[in-house]
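Read the structure below first, then the notes.
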């Protein structure tokens with residue numbers, strides 16, 4: 001993959017895909033440089049007025065404590081983007097890894113993993129996360145791990161059903177008859193053929209993680225102050241909803257644009273290849 | 001992308017059910033062990049939570065003894081296991097009531113809310129999914145796609161709060177909390193449930209709609225669809241007679257997941273609408289360290305999930321001619 | 001008006017001077033005649049499967065609310081937090097140790113049984129039984145013995161003098177239950193309402209007690225109590241007319257409630273506070289300069305303005321609020337002074353120290369207070385890491401267990417209770433681990449003092465001690481905000497809690 005081929009791929013994307021790409025790149029950029037271009041430290045009580053509207057000094061107004069919404073948004077984006085991306089990656093690696101093991105491995109491995117995953121998935125995710133956070137605390141690393149673990153079983157379920165379907169197909173049987181090892185079967189024969197539907201799943205799962213973060217902040221868990229992810233920004237400013245404060249609209253729009261962007265891009269990219 | 005089940009399809013749904021029921025018990029025991037282990041790591045215990053901030057150490061010790069919390073954890077677990085095996089989930093440590101009584105007070109609430117949401121959301125999800133799939137790539141599909149994405153992307157508490165502000169506070173059309181009067185008329189009943197069903201429905205419609213679209217599109221790409229089209233089968237007949245039966249596997253599977261979410265995952269909706277369901281009961285059990293109650297909730301959620309998945313797999317086999325005939 | 005917080009008066013036994021239909025001062029100011037009838041629904045902040053009908057076990061505001069609806073006490077609070085006669089018509093003592101309590105005649109429990117001395121003896125002494133699990137077991141330890149003299153008189157002997165007894169007995173846990181009652185699956189009290197339905201964690205429905213011992217009261221036919229934990233939802237439920245009264249309105253929502261023509265806010269100034277707790281047993285937080293520096297670092301004005309929108313009273317690092325008759329107004333107000341804080345920290349060699357401070361939604365607004373403190377500390381070179389932990393388990397595992405935590409102390413009816421629960425060296429909840437023999441001695445001295453002026457002087461000095469040396473920072477006293485439907489009449493604040501100190505049920509009526 002060189003630069004020109006990437007550019008060609010981008011040019012072939014439908015409009016929706018290009019919009020998605022722009023949104024995703026925008027949020028990655030914000031996540032990277034946001035804290036450096038924020039006009040105020042995220043915790044500083046810059047404005048005496050709470051839920052102030054937009055002004056030259058405070059582009060997105062002030063929040064429920066009189067802090068600068070723009071600064072908090074710029075600083076918060078990296079948590080939502082980074083944490084969700086890392087958590088989804090971990091979840092998918094473990095989930096899909098297990099799924100491949102279950103598909104190509106001996107029967108008992110499949111049974112064991114399936115039972116273990118059923119166990120995890122049947123406990124409602126928010127309550128599961130609540131118990132883990134209460135038991136282990138909520139540092140950034142722990143929070144990422146807890147969220148990742150919460151979403152492993154969902155990915156496993158989908159990946160396993162894809163992989164089991166593929167393993168039964170003729171070309172895999174042929175490879176097996178050729179005497180290829182299980183690792184080869186999993187990584188060379190099966191995995192490449194399930195990438196596309198897997199990506200669609202990753203997109204949705206990314207959204208769920210962003211939402212779980214905000215749901216956790218609703219239950220009083222989540223990141224340590226004064227840091228806040230986008231969902232927490234929405235949550236902590238809900239009292240401004242009735243007056244239509246920018247402090248709640250801005251982070252809500254941010255979440256929507258990020259998650260919609262990711263999914264538009266993934267949809268377009270995976271469909272693009274199909275045609 | 002079919003819902004492959006561990007049992008080979010030609011052995012039929014009956015074998016599947018028998019095997020799954022056996023496996024379900026293994027899973028339930030696993031869940032109870034996981035819950036017991038994790039909750040052992042939680043700070044504090046039921047005696048401390050009941051007595052609160054001002055308790056003296058002697059009081060805590062006395063209550064701990066009365067609750068049996070001073071015995072080894074493994075012993076308590078095995079006793080609980082023995083009880084549940086004979087169908088008795090034990091007594092709540094906190095409420096001075098049998099766990100079964102507490103649950104039976106809340107279970108109907110959760111079932112009604114989940115049931116109504118299903119009735120409301122599933123038809124709409126099908127409509128959106130099918131419409132979106134047959135107009136694939138065209139503007140209707142794009143608009144629906146964007147709409148469902150936005151619906152998935154909004155935090156539930158935000159949707160709920162906006163809905164309350166608009167329909168309850170501003171317009172005074174619907175109650176902001178869900179309290180069903182005794183012996184309600186149909187109108188009162190629907191009014192009471194309108195808001196939580198609407199809010200829960202948003203997420204379910206969006207997710208399920210997207211899944212249905214994906215499943216149908218996957219079928220539309222198969223050669224038999226092209227054949228049928230060439231043979232002059234009408235689009236409507238094509239979708240309902242040929243495509244849907246084949247796509248039913250992934251669709252019922254997605255439905256099973258959504259329903260299981262409605263059963264145990266409605267914590268935010270229950271909190272905002274002050275609706276006494278099972279999810280908030282389980283959170284309550286966690287915070288009060290009420291182990292028997294917590295275990296009972298977990299068992300219930302797990303059993304429901306397994307049952308739903310089993311039904312989904314059975315339906316998939318029965319409905320799909322290819323799987324049925326093997 | 002009888003002042004029971006004054007020893008002289010209660011010793012002379014003036015309590016009996018009031019007629020049964022007692023009139024409370026603020027009631028005079030109310031317009032309109034009470035109307036009987038109507039049903040309302042009220043929403044409190046929390047309920048759980050631990051909800052109880054046993055007054056001794058009452059632990060949360062919703063419990064207090066329920067118990068005051070169903071039961072009556074020997075005394076009851078008025079708007080000045082004095083103990084007014086209720087089931088007791090008089091309480092006489094010569095030495096503040098042996099009390100003769102005369103009981104009201106003609107009072108009946110909901111099940112028809114006549115109320116008498118046996119019920120009082122049982123209700124008071126059961127708190128000493130560990131199996132009851134009473135929330136006030138520590139207070140009840142001072143009940144040495146109780147004895148019935150005939151049907152309508154009780155002699156209560158204390159282990160030491162306590163002039164505040166009439167105030168203490170008005171607490172929700174000391175409400176009177178029937179002699180021998182162990183089964184609390186039903187509620188059999190003498191209160192203004194009779195239990196109609198009760199499901200723990202869901203709802204309580206009570207109906208008017210036609211035989212209530214205050215003639216004409218209560219006014220409402222039915223009250224339903226539910227809980228809505230989410231503040232925004234609670235306010236929305238009020239504004240949409242689904243409930244007629246709520247407590248714990250956040251200051252940010254006051255504007256919204258006031259903007260509605262049908263609703264109003266009742267501000268109850270109270271002694272409630274959220275305090276920074278600095279443990280004595282840690283080398284840094286136990287250093288006097290550090291403690292003082294943190295007190296100077298509290299931006300009380302900002303906390304009052306930003307967090308409470310003005311619905312708070314500036315605190316002065318001691319727990320007695322300006323509402324309390326024993327409040328000492330001579331202690332100068334400590335101002336926000338980061339330079340002085342920096343100087344103190346520098347002198348102690350503690351600049352650049354890194355310390356975690358534990359905050360939790362469990363302690364009212366401590367998360368935001370922690371953030372403010374962190375911000376100001378950073379500016380003078382002290383690195384505080386705000387560590388937010390879940391409400392769940394906060395009190396048992398974090399509060400007082402780390403060098404820097406936040407506590408949350410509810411209003412107490414007497415200065416004695418506040419000091420003995422939170423500042424006495426041996427107290428379980430001595431938050432900072434403070435150990436001052438001088439303070440402990442003064443506490444006992446105040447109890448023994450029979451002259452009110454002398455007590456006031458001692459309590460005044462104790463406030464100085466805590467202000468200067470105590471290990472807690474008290475930034476503000478928090479006002480309690482109730483929202484209510486304007487048709488609801490007869491409300492006045494009682495500083496011990498929202499819902500008129502949780503006793504609103506017998507006082508309010510609904511205008512047509």
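Placement of Cβ uses the backbone N, Cα and C atoms for every residue, glycine included.
Looking at the stretches B:62-89, B:146-173, the one that TrEMBL records under the feature transmembrane segment is B:146-173. Counting same-chain residues at least six beyond the ends of the transmembrane segment (B:111-134), those with a Cβ under 8 angstroms from any Cβ of the stretch are 140-141, 144-145, 148, 193, 196-198, 200-201, 204-205, 208-213, 215-217, 220, 235, 239, 255, 258-259, 262-263, 266, 269, 275, 277. Under 8 Å from some Cβ of the transmembrane segment (B:146-173) lie the Cβ atoms of residues 128, 132, 194-195, 198-199, 202-203, 205-207, 209-210, 268-269, 272-273, all in the same chain and six or more residues away from its ends. For the transmembrane segment (B:193-212), the list of distant contacts is 112-113, 116-118, 120-122, 124-126, 128-130, 132-133, 144-145, 147-149, 151-152, 154, 156, 159-160, 163-164, 167-168, 174-176, 178, 180, 247, 250-251, 254-255, 258, 261-262, 266, 269-270, 272-273, 275: same-chain residues at least six beyond its ends, Cβ to Cβ under 8 Å.
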